[in-house]
Amino acid sequence: MPCQAPHSDSNVKNPSEATNQKDHSPRVGFVSLGCPKALVDSEQIITQLRAEGYAISGTYDGADLVVVNTCGFIDEAVQESLDAIGEALTENGKVIVTGCLGAKKDAAGHDIVSSVHPKVLAVTGPHALGEVMQAVHTHLPKPHDPFTDLVPAAGIKLTPKHYAYLKISEGCNHRCSFCIIPSMRGDLVSRPVAEVMLEAENLFKAGVKELLVISQDTSAYGVDVKYRTGFWNGRPLKTRMTELVAALGELAAQYGAWVRLHYVYPYPHVDEIIPLMNNGHVLPYLDVPLQHAHPDVLKRMKRPANAEKTMDRIRAWREICPELTIRSTFIAGFPGETEAEFQTLLDFIAEAELDRVGCFAYSPVEGATANDLPGALPDEVREERRARFMEVAEAVSARRLQRKVGQTLRVLVDEVNQDGGIGRSSADAPEIDGLVYIAPPQRTSQRYRAGEFVDVRITGADGHDLWGEV
């Protein structure tokens with residue numbers, strides 16, 4: 001998902017105003033594309049730029065150079081990133097490229113970005129703060145005596161002030177046949193647990209009301225360091241998902257905030273966090289990428305291949321935590337997928353009654369081993385299966401949302417306008433899930449603002465969103 005291009009620092013309401021305050025400061029424009037993990041990389045780069053005294057420009061022509069943080073996972077993302085680089089070159093002329101596309105090579109082994117746009121100043125891969133800053137220093141020397149203490153402890157965020165992403169690790173140890181992330185971001189590297197907790201505390205102190213825990217594989221947190229014991233506030237704390245989630249939940253409770261978990265690979269120890277969700281330590285929301293339900297397709301994907309066990313676990317999770325929302329993603333039309341295998345997936349979706357699902361028609365990704373599998377399906381078959389999948393999934397979602405009519409839900413308000421408010425319940429992550437549309441307040445005592453929690457009585461529902469009143 002692209003941010004405004006170039007992106008202006010979210011702590012500065014008027015980019016031109018920030019520029020006028022320090023006309024002598026070198027100015028950097030910023031374009032951020034891709035997933036929440038890439039957004040965190042962008043936040044780290046912008047934080048470092050500000051710490052070193054650079055101003056962040058809100059326009060191309062107001063910038064001395066532009067940094068483009070790219071996505072390279074699927075073909076559409078590659079093209080979007082290449083187009084953004086081209087636009088920045090046309091509008092500004094001085095461009096540094098970072099992110100996943102920067103790590104991709106073409107069939108001949110040449111850097112894709114430099115091949116298409118040879119005029120870029122520098123190209124780095126993802127999670128490359130040091131390399132990006134070195135390139136910036138080379139082409140736009142940093143100012144003298146920066147006021148580093150002007151940068152807030154929480155860093156600079158590109159999200160609204162009331163929610164933020166907390167990245168706990170980088171890279172992935174899995175080798176799913178459809179994915180090239182390990183080749184771009186490397187194997188799993190877990191952040192020290194005390195560092196993660198300190199960032200979380202700083203975010204809560206800065207007013208964040210919802211913390212979204214992200215990584216390529218949240219469940220694997222700490223595997224690379226053998227679950228080493230760290231220390232937080234003088235107490236031992238294991239570098240392990242369960243212990244981290246419990247500690248984050250306790251910390252969030254002190255600030256009346258939410259913690260939401262994303263990218264939770266279905267390892268057995270995921271079962272340990274369901275009681276924490278039921279006890280209110282973290283939101284009863286589990287983003288677990290299942291990808292398919294037929295064992296043969298899962299084997300070709302190099303994913304866990306026991307759908308019956310997955311169904312049993314889902315039942316057990318809901319028995320422990322009845323309010324649990326389960327989100328997942330799936331791929332339709334994977335190479336070799338038969339009609340019978342696809343029907344198994346549809347049957348699974350109907351039986352599992354997952355609350356939130358996304359489905360992609362399989363798209364070959366350059367460098368993925370799945371490209372070598374036999375049985376590639378025509379585009380029209382892949383798209384037709386994706387549409388059939390979503391028809392079933394949306395019917396399930398509509399039924400589950402209808403059950404919420406008449407209930408009172410805790411809602412975090414994202415936006416207030418003349419038509420009322422727009423917010424999200426515990427079942428809704430920003431950008432990817434549904435919304436709760438809140439009627440305008442009838443009394444002064446019912447007024448609400450963005451970033452506040454309100455209790456909303458649900459009066460209506462469709463297949464994706466809810467409507468209600470305070």
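Easy rule for this one: first residue shown is 1, then count along the chain.
Each residue, glycine too, has its Cβ placed from N, Cα and C.
Keep in mind the model is a prediction, meaning the values are calculated, not measured.
Under the heading region 'Disordered', Swiss-Prot lists 1-27.
What Swiss-Prot lists as compositional bias 'Polar residues' is 7-19.
Secondary structure by DSSP for the domain 'MTTase N-terminal' (26-141): 53 helix, 23 strand, 40 coil. Here Swiss-Prot flags 26-141 as domain 'MTTase N-terminal'.
Packing around Cys71 ([4Fe-4S] cluster 1 binding site) is summarised by its Cβ count: 23 other Cβ atoms lie within 10 angstroms of its Cβ, all protein chains included. Per Swiss-Prot, [4Fe-4S] cluster 1 binding site is recorded for Cys35, Cys71, Cys100.
Residues or ranges marked as [4Fe-4S] cluster 2 binding site in Swiss-Prot: Cys172, Cys176, Cys179. Counting Cβ atoms from all protein chains shown, Cys172 ([4Fe-4S] cluster 2 binding site) has 21 others lying within 10 Å of its own Cβ.
Annotation comment: Swiss-Prot describes 402-470 as domain 'TRAM'.
Around Cys176 ([4Fe-4S] cluster 2 binding site), a 10 Å sphere centred on its CB holds 19 further CB atoms from the protein chains shown. In this structure, the C-alpha atom of Cys176 ([4Fe-4S] cluster 2 binding site) lies 17 angstrom from that of Cys100 ([4Fe-4S] cluster 1 binding site).
The number of other Cβ atoms within 10 Å of the Cβ belonging to Cys179 ([4Fe-4S] cluster 2 binding site), over all protein chains shown, comes to 22. If you take the Cα of Cys172 ([4Fe-4S] cluster 2 binding site) and the Cα of Cys71 ([4Fe-4S] cluster 1 binding site), they are about 17 angstrom apart, rounded to a whole number.
Cα-Cα distance from Cys179 ([4Fe-4S] cluster 2 binding site) to Cys100 ([4Fe-4S] cluster 1 binding site): 12 Å (rounded to the nearest whole number).
Least packed by the Cβ count within 10 Å, out of the binding-site residues Cys35, Cys100, is Cys35.
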